[in-house]
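**Student:** Got these off TrEMBL a minute ago, pasting:
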TRANSMEM  6-24  transmembrane segment
TRANSMEM  29-49  transmembrane segment
TRANSMEM  55-76  transmembrane segment
TRANSMEM  141-159  transmembrane segment
TRANSMEM  179-198  transmembrane segment
TRANSMEM  241-260  transmembrane segment
TRANSMEM  301-317  transmembrane segment
TRANSMEM  337-358  transmembrane segment
TRANSMEM  378-405  transmembrane segment
TRANSMEM  417-435  transmembrane segment
TRANSMEM  455-478  transmembrane segment
Amino acid sequence: MAIGNPLIVFAIGLIAVIALLVWLKLPAFLGLVIASLIVGAATAAVPLGEVPAEIASGFGETMTGVGIPILMAALIGKGMMESGAAERIVRSFQSVTGEERSYLALWGSSSALSIPVFFDNVFYLMAPLARSMRARTGRDYALFLCVVGAGASTTHVFVPPTPGPLAIALELGVDLGTTMIAGVLVAIPTTVVAGILYGRWINDRLDDIPLRETMGSNAREVEELAELPDSELPGLFEATLPILLAVVLVALSTTANYLFEMASTGVSVPLGPLGTLNFAAFEGPLEAVQPATAFLGDPNFALTAAALAAALTYLRVRQLDRDIWTDELVEALKSGAHIAAITSAGGAFGGLLATSGIGDYITDLVSVGGGNGVMVLVSAWVIAAAIRIAQGSATVAMITTAGIMAPQVPELAVHPVYLALIIGAGGNICSWFNDSGFWLVKEIGGLTQTETLKIWTALTTIVSVTAFVMIVSVASVLPLA
């Protein structure tokens, strides 16, 4: 019998996924598909005969976004690990920070890279470095994953021009420059708390996490590479080329889009004695180059270029027979396909929960009332957090909440940038089984479900709560209205 109440459907989905994945310990892909079928059969929002097609549609929609990037990430990971490129980068990091503080390099790199590059792409690029660093130090893998995850995820939800913060700023009418500066000011202390402090805490309490086989590489191979002399490793430029290619190409597209937005809206910047820089004058040239930058900066192309660079370095450094090289890359692609399938199944599960109407139900349930100052911020965080937990996507939660809260902006007793930031904080909370990002971190990181919950789900929740407390506290003292 179909159920009209989305909250009951959500509860059924929650029970189903826990029973299938935690109690019965089914493979993640199978468990998520079965849980999706159960949710589809339970909800009145989808006719029973259309449930399988709805699941396939959600699976395909997620695969469209992550399929090629994950497969290319598998090749990048294989190439960088097996060629010793990741080991070369780790040794360079440690020569600057020292072995005891090498996690700081991972933290800083992931934070900076995720401004122009999406979170998932940053994790693809940084995971091989975290694994190589674990092989070299023999410890602290949970800490390394925490600093990478915290650095990438906080920038992803607080700092434009990533899609969520950008959409929120435009919806609320907040100046993008102000949002970027404020987002960085929130992201830095939040990553310290969630990435470094919590990372150290959970690292001390988890049994030493082994390097399991993932992305085409196993622990023995990674540990052997950690013992190689510098002379047998690629040079630093060649080692970093896959990362540089991906970041520069994506950043090129992001920058071109941002400048075109400024030009099309007539933004001008005073330059003092030099006069005024009017971006509208560049609208034509920027529009002309956009197709090329969009092509080059698309993650599918950028990561393909990075994968080719990593694979060729692997071939050159290891002097492999071409047939063996091809076989090794195919094995990496098989690993990537497994990860892409699980990630897409998680997206299908979250998508079906969203189709049940849980997002609209929550927004109707949670009142926006309670004044026009700090209580509006609290309401916005609650709405974004509830939608995020219910349907999985941080970006959907953020954009939905921004649309709900936009009418409140003219009457706000605090600067609207606080509202933009707190929506991002709420949208980041509690990444779990219905979030494709959860499965991405689990599979690429080589973690168990329990380890992922303790590391990733807890980390995203700490990011959200820490940012909430910080934003509300500052807004109470400095409303800036």
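Sequential numbering from 1, following the chain as shown.
Even glycines carry a Cβ here, placed using N, Cα and C.
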**Student:** Using a cut-off of under 8 Å between C-beta atoms, tell me which stretch among 141-159, 179-198, 241-260, 337-358, 455-478 contacts the transmembrane segment (6-24) the most.
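**Tutor:** Stretch with the highest Cβ contact count: 337-358.
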**Student:** Based on Cβ pairs under 8 Å, which of the stretches 29-49, 179-198, 455-478 lies most in contact with the transmembrane segment (417-435)?
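**Tutor:** Highest pair count goes to 455-478.
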**Student:** Near the transmembrane segment (455-478), which same-chain residues lie under 8 Å Cβ to Cβ, leaving out any that are not at least 6 residues past its ends?
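**Tutor:** Non-local partners: 142, 145-146, 149-150, 153-154, 157-158, 186, 189-191, 193-195, 198-199, 202, 206, 373-374, 377-378, 381, 385, 414-415, 418, 421-422, 424-426, 428-432, 438, 441-442, 445, 447.
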**Student:** How about long-range neighbours of the transmembrane segment (337-358): same chain, 6 or more residues beyond its ends, C-beta under 8 Å?
**Tutor:** 6-7, 9-10, 13, 17, 28-29, 32-33, 35-36, 39-40, 43, 45-46, 54-63, 66-67, 70-71, 74, 214-215, 387, 390-393, 396, 433-436, 438-440, 442-444
